[in-house]
Every structure is written in structure tokens, then in C-alpha cells.
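Notes to accompany the following structure.
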Amino acid sequence: MGQPEGLERFDSPGKGRGLKATRSFALGELLFSCPAYTYVLTDNERGNHCDFCFTRKEGLSKCGKCKQAFYCNVDCQKGDWPMHKLECSSMCSSGQNWCPSETVRLTARILAKQKTQTERTASERFMSVKEFESHLSKLDNEKKELIENDISALHRFYSKNVHNCDNAALEFLFAQVNCNGFTIEDEELSHLGSAIFPDVALMNHSCCPNVIVTYKGTVAEVRAVQEIHAGEEVFTSYIDLLYPTEDRNDRLKDSYFFSCDCRECSTKQKDPAKLELRKLSDPPSPQTVRDMITYARNVVEEFRRAKHYKTPSELLEICELSLDKMGSVFVDSNVYMLHMMYQAMGVCLYMQDWEGALKYGEKIIKPYSKHYPAYSLNVASMWLKLGRLYMGLEKNTIGTKALKKALAIMEIAHGPDHYYIAEIKKELEL
């Protein structure tokens with residue numbers, strides 16, 4: 001099992017391990033693909049996607065025993081059985097009380113795979129799961145407590161599979177998963193599941209990435225979003241790049257325990273536009289601006305928590321009130337305004353208020369195109385949502401334009417032969 005051509009693992013100065021190109025890659029070219037080492041479909045997508053291959057289709061067949069896993073056909077059901085059998089009987093016996101988190105489910109599958117798989121897999125051509133960083137020594141008490149809760153859930157729902165694992169090993173594995181796990185998303189960036197892609201995890205982060213990771217079922221694909229020359233390191237982005245430098249680095253330190261020194265973080269050249277203020281005859285004081293940024297960061301976090309327990313109309317009210325308050329100091333293209341508009345759009349989509357969703361989306365798309373890199377999935381998915389909203393409201397001319405804008409980005413990011421591209425082209429023919 002050879003390594004993909006044109007790439008090699010190396011020691012990246014100041015960053016530890018990394019991946020570099022040994023030949024040049026053109027814009028949109030596939031560098032490599034990586035099948036998932038293990039993966040799990042998210043609970044909310046059960047019945048919409050096959051648990052084994054993640055295909056989205058209607059009329060999937062249920063597992064005869066637990067009635068909670070869904071498959072395209074017998075082949076997919078058989079393919080998934082080594083992993084589904086970890087859960088099937090527990091799902092039956094626990095009923096409504098079966099509630100392990102996605103991280104716990106994924107970790108149980110890693111443990112099961114490690115018991116049966118002794119050779120390196122096709123997902124580990126550059127790096128094995130065992131080599132993952134855990135950053136265990138850097139975890140604060142809150143993060144350690146969350147891991148302890150996950151270990152308890154693992155023992156509760158997967159007792160047969162973890163009876164001979166000691167707590168220290170489980171703590172280490174959960175810390176590895178937290179740093180190296182991936183979320184699989186669809187073309188509109190809706191969450192489909194979680195997975196482990198060891199070779200993809202080898203790539204280091206930059207806020208000016210030269211590759212992008214997309215998914216074809218349960219396979220990750222890595223494509224160039226800039227021209228890459230021989231000898232250059234291959235960088236992906238670990239985080240959402242909308243936010244200003246300080247916020248991005250707070251997120252990187254909290255989740256991955258490092259700060260970024262890429263060109264964007266060194267120059268901060270996009271920050272002034274991302275944090276732009278209203279031109280007022282009586283400009284706000286520096287302290288007022290700082291206070292509003294603090295308020296904005298707090299409301300972002302408050303909303304994230306509120307999603308779990310508030311009603312859609314209450315969530316929309318949080319968005320509207322915060323936009324009203326921030327709008328006294330920030331312009332509409334300020335990233336904190338955009339963040340809350342995006343949340344409001346999501347709530348409108350959930351409530352099937354298509355006109356409301358469109359109102360927010362139309363405000364978001366132009367600044368998104370300015371703040372994000374050229375071939376951004378965030379921009380593509382926004383054009384796609386807008387296009388589908390316009391088409392649904394029979395505004396076909398403007399809908400066609402929006403869908404074509406999404407396609408132009410996706411043909412580079414996903415590759416021209418991706419089934420998402422074929423689906424959108426079908427939508428354009430209607």
C-alpha cells in the first residue's frame with residue numbers, strides 16, 4: 001500500500017509533523033483521498049442517509065432488530081454490521097435511554113477496529129491513528145471532566161467492548177479524538193457525522209490554506225485551492241475563517257493548543273474590514289467599541305448554548321435584539337453582524353420562513369465573498385442556499401445565477417465529477 005504520489009510526510013519547522021508537495025499541483029487538482037478509518041452518522045440524519053455509505057435517499061431499509069439504523073440495501077447492511085453490532089442490542093435494551101454522544105460512538109468504533117485490525121489501513125498511508133497528538137497534559141479541569149463523562153457513557157453503553165480497557169488509555173484516546181476528529185458535512189454544510197481520517201489529520205493549519213477537504217460519502221478528498229509548487233507545505237484550515245485574527249487564535253488555542261503565524265495572522269490585513277464600524281457624526285469611543293466586541297463574543301456563545309433549549313421564535317428574538325444592539329456601532333458587513341444574521345437565517349429555514357431566510361442570506365453573501373478565501377465552502381453553500389430559496393419562490397432567473405455561482409466554487413473544491421455537482425446541474429435544468 002504505497003503513499004499517494006507527489007506528497008511526503010516531513011518535519012515542519014515549528015509545527016511538528018506535516019505534509020509537503022514533491023511536485024506541483026494545479027488549482028482544483030486532487031492531491032489525495034482518504035477513506036475514513038471509522039465514522040458514525042449523526043442521530044438527526046438517521047433515515048435520511050445510509051448508515052454505511054452516507055448516501056442520501058428515500059426509502060432506506062431499517063435494521064430488523066433495533067429499527068434505528070437505515071441502509072440502501074443488504075450489501076450496506078452487511079458492510080456496517082461489524083460496527084452496528086456494537087450498538088444494536090444496546091439500542092434494543094436501552095430504548096429511549098440509549099443516548100451516547102457522537103464522540104462516544106466514534107470512540108467505541110475506534111476501539112472495536114483496533115481489536116480486529118492489526119495492519120495499517122488505507123486511511124493511514126502517511127500517519128497511523130496511534131500517532132495522533134492528544135495534548136493530554138494541556139487539558140484544563142473542564143475538558144478533563146468532559147472526557148470523564150464520555151468514559152462513563154462508554155462503559156454504560158458499550159460495556160462488552162471496553163471491559164478490559166483501563167481509564168488512562170481511554171482518557172488518552174478521547175483526547176486524541178477531540179483533537180483529530182473530523183465532522184462530515186453536506187453541500188450546505190449541514191452536519192452528517194463524525195469520522196477519523198488519519199492522513200488528512202497530518203496536514204497543518206493555516207488561515208490562508210492551499211487545500212480544502214470535502215467528502216464523497218465516507219471518503220475525504222483533498223484538493224488544491226491555490227497553485228501548489230514542489231517543496232511547499234500543504235495547509236488546510238481547521239477552523240471557520242470568517243472571524244478576526246484574535247478570535248481565530250483563541251479558537252485554535254482552545255481546541256488545538258497552538259497559535260497561527262500564517263500571513264493573515266501576521267499582517268491582520270483583513271481585520272479592519274471584518275471589524276468595520278458605522279461612519280457616525282459622533283464616532284464611538286475606543287472603549288465603546290471594545291465593549292461592543294465583548295458583547296458580540298458573549299452573544300455568539302450565549303446563542304450557541306441557547307440552541308439546545310430555546311424555541312425557534314426565542315432564538316430568532318436573540319438574533320434580532322443582538323443585531324439591533326450591535327448595528328448601532330457595527331456595519332452590516334462586520335463579522336459579528338454576519339454571524340448573527342447567519343444564525344437567524346438558519347432559524348428561518350428551520351421554521352420554513354423562506355422569505356425571512358432569503359432576507360438574511362441576501363445581506364450575508366456579498367461580505368462573505370469578501371471576508372472568506374476565494375474557494376470557500378462557506379461562500380459556495382450560501383450561494384447554494386440562496387439559489388434553492390429563489391427557485392422555491394419561483395424567482396428562477398436570479399436562482400439560476402446563484403446556483404451557477406455555487407457551482408463555480410464547488411467544481412474546484414469538490415471536483416467536477418462529484419455527485420453534488422450533478423444534483424445542482426439537474427436543479428438548473430428544471
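Cβ atoms here come from the backbone N, Cα and C positions, even for glycine.
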Further S-adenosyl-L-methionine ligand in Swiss-Prot, beside Lys15, Gly16, Arg17, Asn204, His205, Tyr256, Phe257, Phe258, within candidate set His84, His135, His308, His339: His135
50-88, 89-127 - the range that Swiss-Prot marks as zinc finger: 50-88
Local Cβ density at Lys15 (S-adenosyl-L-methionine binding site) - other Cβ atoms counted within 10 Å: 15
Same-chain residues at least 6 beyond the ends of the zinc finger (50-88) whose Cβ lies under 8 Å from its Cβ atoms: 38-41, 98, 105, 108-109, 112, 116, 157-158, 161, 184, 186, 192-193, 215, 217-218
Residues flanking the Zn(2+) 2 site, with Cβ no more than 8 Å from the Cβ centroid of Cys63, Cys66, His84, Cys88 and excluding those residues themselves: Lys65, Gln68, Ala69, Lys85, Glu87, Met91, Cys92
Maximal Cα-Cα distance (Å) across residues annotated as binding S-adenosyl-L-methionine, namely Lys15, Gly16, Arg17, His135, Asn204, His205, Tyr256, Phe257, Phe258: 16
